[in-house]
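Notes follow once the structure below has been shown.
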Amino acid sequence: MSRCLALVPAAGGGSRMGADRPKQYLDLAGAPLLAHTLRRLLAEPRLARVLVVLAPDDVWFDRFDWPRDVRLEILRVGGATRAESVRNGLLHAGAAADDWVLVHDAARCCLPPDALDRLIDTLQADPVGGLLALPVADTLKRETSGQRVAQTVSREGLWLAQTPQMFRAGMLALALDRPLDRAVTDEASAIERLGLVPRLVTGDALNFKVTWPHDLVLARAVLGLDNAGK
């Protein structure tokens, strides 16, 4: 019987934060941002394993306390790109080809439990797999040089990709073993290069990615509301 496992690529530096450390280790409500991400995943009982892929020379991880759970595994096999980190993590995970792998951004620390449940419920019998995503709600503008509007782009049929992105381990390994160009920015786009069509599963606006300093403020507010409601 196939299992579900989560894989969190956490080998990046997060340079856009302008911080003194990789953003996954920034303090968020008294714990590293990554710790909140892992707690969200470990709260899902259907995840048999939660794998974190770190850079081989990571000097930050061991400085912090992490959730104590036998399902949590640390792999220091991260690569220069996200795709390399995910591929290396798959190679070292020893997962069966038909196991489901849920790749989740380290910086999406507010993943709502019902969104994760919805993803697994929707895709566990799907022939391809898919990802959490949200329909684009805002008007889109394409720019020219000098930040002038070149045109208004129709948002019809456009979605914002989120994570987790859920695919069979064998299929994902095959997709990531192929030469990839800059157009492949997530697992779903690699799967698309195989001629397959991932399914879009409605995500959640709270499942945002911490990218800029102001995102930390929003994440603190979301986590504070969650804690207040417990």
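Using the three backbone atoms N, Cα and C, a Cβ is placed for every residue, glycine included.
Features of the protein shown, as given by Swiss-Prot:
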- Arg16: site 'Transition state stabilizer' (SITE)
- Lys23: site 'Transition state stabilizer' (SITE)
- Arg155: site 'Positions MEP for the nucleophilic attack' (SITE)
- Lys209: site 'Positions MEP for the nucleophilic attack' (SITE)
Between Lys23 (site 'Transition state stabilizer') and Arg155 (site 'Positions MEP for the nucleophilic attack'): CA-CA distance (Å): 31
Lys209 (site 'Positions MEP for the nucleophilic attack') and Lys23 (site 'Transition state stabilizer'), distance between Cα atoms, whole Å: 11
Chain-internal residues, separated by at least six, CB under 8 A from Lys209 (site 'Positions MEP for the nucleophilic attack'): Asp105, Ala107, Arg108, Gln162, Asp215
For Arg155 (site 'Positions MEP for the nucleophilic attack'), the three-state class that DSSP assigns: coil
Around the Cβ of Lys23 (site 'Transition state stabilizer'), the count of other Cβ atoms that are within 10 Å: 27
Other C-beta atoms that fall within 10 angstroms of the C-beta of Arg155 (site 'Positions MEP for the nucleophilic attack'): 13
